[in-house]
Amino acid sequence: MRRFNLILLASLQLVGARSPGGFNIHEDLLTYPQFEVVFDNQYISEKDAHSLLDSQHPTYSADFAQSTLGQAREADARDNEAENKDQDGPSYKYELMKMPPNEYLCSIPILQSPEAENKTANELAKAEEARELTRATASGWELLSELQDSCLYFMSGWWSYSFCNNREIVQFHALPSIPNGQPPKRDPHTMEFTLGRVPAVPASAAHQAKMNGQEAPPPAELQVKGDQRYLVQRLEGGTICDLTGRERTIEVQYHCVPGMKADRIGWIKEVTICAYLMVVNTPRLCNDVAFLPPEETRANPITCKLILDKLNEPPSLDQTVPLAQDEAQVPLKQEDTGAKSGDAAPRDVGKEPINIGGVLVGARNVLSGADEAGKPPAKLPPPRSYFSNSNTDTERFLKVVASGKSKEDGGEMEVLGNEELEKLDLKPSVVKDMTERMRKLAGKYGWKLELVELPGGEKELRGYIDADEEELAKNKAKLKKEKEAAAKAKGDDEEEVVEGSEEQFFDKKDEL
């Protein structure tokens with residue numbers, strides 16, 4: 001009688017075999033070679049199964065009580081060598097697995113034993129690998145040369161980062177309002193810190209280039225971590241750190257990410273005080289096979305087929321079907337109970353809506369988007385910084401709010417309507433007051449009232465008069481005398497008109 005143990009059968013193929021790839025902390029070194037048991041959808045008759053079991057080369061009995069592991073390993077190795085000499089394709093051996101009430105025929109792939117290590121071949125391989133690393137470093141840095149004419153940006157909480165010309169990284173606080181599709185702009189009222197701007201050439205590469213009489217090596221080196229290869233550039237010369245008294249430094253890692261459409265900063269962290277690490281994901285390095293991520297290792301499949309008699313019907317391997325049928329019978333019983341108790345329309349327990357805050361989730365009731373039912377949703381006005389553009393360091397002209405022609409041109413006056421003023425976040429009453437003051441101050445000359453956006457998103461109304469300074473001064477003096485006379489007549493104190501230049505500023509920012 002045969003007995004089958006999947007774990008022992010998998011381990012007997014190559015006892016002590018090592019992982020073919022590099023070291024990975026998440027992998028178990030004792031799991032190689034890897035096997036995976038797969039249950040095939042096809043079936044095999046009992047006659048064919050016993051024929052395969054009897055016709056294969058005798059190796060050892062599945063009853064481990066009658067043989068030792070050492071004898072089984074020696075017999076298996078001898079048979080494998082004899083079979084592999086005449087066969088180019090994979091070879092299998094068959095074992096019977098019993099899982100009452102069924103039996104399965106499992107085909108186990110026979111793996112070749114690893115060859116003995118050759119010291120000379122290993123030394124040649126190491127030398128070839130060193131040359132390949134040097135070539136890959138130069139090739140990878142050449143692929144990244146296009147980054148020297150561009151900038152990458154990354155935002156993380158309070159701080160934002162810019163990586164420009166592939167050699168300078170700046171940390172700054174961005175303005176709170178950034179238009180869609182525009183890079184972050186530094187707030188001029190906050191400080192910025194340079195994390196690195198001077199590439200540091202690896203000492204090993206510089207020494208090797210000097211010994212060989214070659215040109216200066218690229219300011220990057222290739223590093224290997226497990227099966228993954230990536231370029232590393234170290235930047236120095238950053239802003240002096242107030243905690244350590246030394247310059248800030250940063251290490252930039254370039255990783256190949258197949259399928260990406262553009263370069264992107266993955267993340268930035270401060271690993272130690274004023275020492276940073278940044279990862280750049282780029283598809284450029286994928287053009288060199290040396291930087292491609294390793295292929296996922298697949299386990300060797302142990303395929304098991306169900307053994308059947310011709311007269312028996314194949315049972316279903318899907319164990320979820322009876323469970324689903326049992327679950328489907330539960331609401332039916334509840335419906336029957338509800339019908340007996342007189343409930344005309346019992347509700348399915350599995351679809352019972354949940355009441356959250358007075359709202360039935362899943363009830364498919366149309367809810368109002370406003371604060372009160374039956375009213376349209378409220379439209380909030382855009383913030384003041386909504387109209388800001390990418391050039392936030394300078395003033396920006398928005399629109400002419402009101403204008404008046406001189407008396408020679410007819411003296412016509414044009415003012416935006418109340419709807420347009422509200423769209424610009426302006427109060428019509430404030431604009432009306434400003435327009436009246438500008439009309440009186442300009443007199444017979446033409447004038448205009450403009451809306452200007454200041455750095456930071458604030459807006460300001462500015463008035464301009466088409467007159468010389470002498471004429472404007474006379475008009476101001478005349479207007480001043482008229483106001484003084486009116487104040488004396490009424491006995492009230494009124495605000496005097498402040499003398500200024502041709503450009504008039506009105507302190508109405510808070511009322512806009």
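Backbone N, Cα and C define each Cβ position, glycine as well.
Taken verbatim from Swiss-Prot:
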BINDING   TRP158, TRP159, GLN171, ASP242, ARG248, GLU270, TYR276  mannooligosaccharide derivative binding site
COMPBIAS  73-88  compositional bias 'Basic and acidic residues'
COMPBIAS  492-504  compositional bias 'Acidic residues'
DISULFID  CYS151-CYS164  disulfide bond
DISULFID  CYS241-CYS274  disulfide bond
DISULFID  CYS256-CYS286  disulfide bond
DOMAIN    149-288  domain 'MRH'
CARBOHYD  ASN118  N-linked glycosylation site
REGION    71-91  region 'Disordered'
REGION    329-349  region 'Disordered'
REGION    485-512  region 'Disordered'
MOTIF     509-512  motif 'Prevents secretion from ER'
SIGNAL    1-17  signal peptide
Between TRP158 (mannooligosaccharide derivative binding site) and CYS274 (disulfide bond), how far is it from one CA atom to the other, in Å?
17
Reported as an integer number of Å, what is the Cα distance between CYS256 (disulfide bond) and TRP159 (mannooligosaccharide derivative binding site)?
26
Can you give the largest Cα to Cα distance in Å, as a whole number, for the residues TRP158, TRP159, GLN171, ASP242, ARG248, GLU270, TYR276 that bind mannooligosaccharide derivative in the record?
19
From the Cα of CYS151 (disulfide bond) across to the Cα of TRP159 (mannooligosaccharide derivative binding site), what is the distance in angstrom?
17
Hey, how far is GLU270 (mannooligosaccharide derivative binding site) from CYS164 (disulfide bond), Cα to Cα, in Å?
19
Which has the fewest other CB atoms in a 10 Å radius around its CB: TRP158, TRP159, TYR276, the listed binding-site residues?
TRP158
Pick from CYS164, CYS274: which of these disulfide-bonded residues has the biggest number of other Cβ atoms within 10 Å of its Cβ?
CYS274
Just give the helix, strand and coil counts over the domain 'MRH' (149-288), going by DSSP.
15 helix, 67 strand, 58 coil
What average pLDDT is reported by the model for the domain 'MRH' (149-288)?
84
Which disulfide-bonded residues sit within 10 Å of ARG248 (mannooligosaccharide derivative binding site) - Cα, from CYS151, CYS164, CYS241:
CYS241
